[in-house]
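For 1-193, the entry in TrEMBL reads domain 'Deacetylase sirtuin-type'. If you look up TrEMBL, you'll see His48 marked as active site, proton acceptor. Taken from TrEMBL, the feature Zn(2+) binding site covers Cys56, Cys60, Cys90, Cys93.
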Amino acid sequence: MFNDAEPNKNHELLVTLENKLGDRFHCITQNIDNLHQRAGTKRIYEIHGNLHEMRCSDECSKEVYKIPHKISLKEINEDLTIKEKKLLKCPKCGESTRPNILWFDEYYNERNFKLHSSLKLAKNTTLLIILGTSGATNLPNRLVEQTLKYGGHVIDVNLEDNHFTKSFSMKKQFYSVRKDIHSFLLNLLETIH
Ligand SMILES: [Zn+2]
């Protein structure tokens with residue numbers, strides 16, 4: 001399913017925005033589908049990991065590996081071949097690997113999920129724009145708190161109220177924009193020369 005997905009127009013508009021802003025732009029994403037990179041986003045922080053990466057399930061080292069391309073796509077009831085299973089073993093200790101993504105009962109950390117560097121970005125930014133997320137998980141909320149605490153502004157682009165609205169709408173520097181992401185990004189790009 002993930003491999004069939006293609007970057008959409010909004011992924012591309014974010015690339016245009018990054019090209020205009022250069023080092024002033026950073027994309028912190030909860031997406032694990034790799035589509036931002038495929039569209040061309042460079043300054044990216046994947047706080048929930050990347051489904052195309054794997055690491056040792058036994059944590060024998062800190063190494064993160066790309067999932068080998070040689071592994072072909074499967075039907076839902078189709079198993080991996082013996083060769084493919086071998087490719088998915090940890091190259092260092094031979095233990096099984098696991099996807100390098102954050103499962104529901106796991107904790108954020110810096111090494112795999114950019115916990116500290118994303119919080120640092122949020123602290124130093126003047127404008128944090130929230131696109132396409134409702135704020136149901138912990139770190140995105142902390143990012144908003146962090147930006148507001150250090151004097152930055154937050155714009156939440158969402159068609160209806162969400163977790164962010166509930167927690168932050170009374171804050172002076174928090175704005176809800178009732179627009180779809182596409183028209184918001186188009187308008188934003190018009191204002192940047
Ligand atoms: Zn290992």
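Using N, Cα and C of the backbone, Cβ positions are placed for all residues, glycine too.
TrEMBL annotations: computationally assigned, not manually curated.
Projection of TrEMBL feature records onto the structure.
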residue: His48; record: active site, proton acceptor; contacts (Cβ under 8 Å, 6+ apart): Thr29, Gln30, Asn31, Ile32, Ile101, Leu102, Phe113, Thr137
residue: Cys56; record: Zn(2+) binding site; contacts (Cβ under 8 Å, 6+ apart): Glu63, Cys90, Lys92, Cys93, Glu95, Thr97, Arg98
residue: Cys60; record: Zn(2+) binding site; contacts (Cβ under 8 Å, 6+ apart): Cys90, Lys92, Cys93, Glu95
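Its Cβ taken as reference, Cys90 (Zn(2+) binding site) is surrounded by 20 other Cβ atoms within 10 Å in the chains shown. Of the chain residues outside the Zn(2+) site list Cys56, Cys60, Cys90, Cys93, Ser57, Asp58, Glu59, Ser61, Pro91, Lys92, Gly94, Glu95, Thr97 have their Cβ within 8 Å of the site's Cβ mean position.
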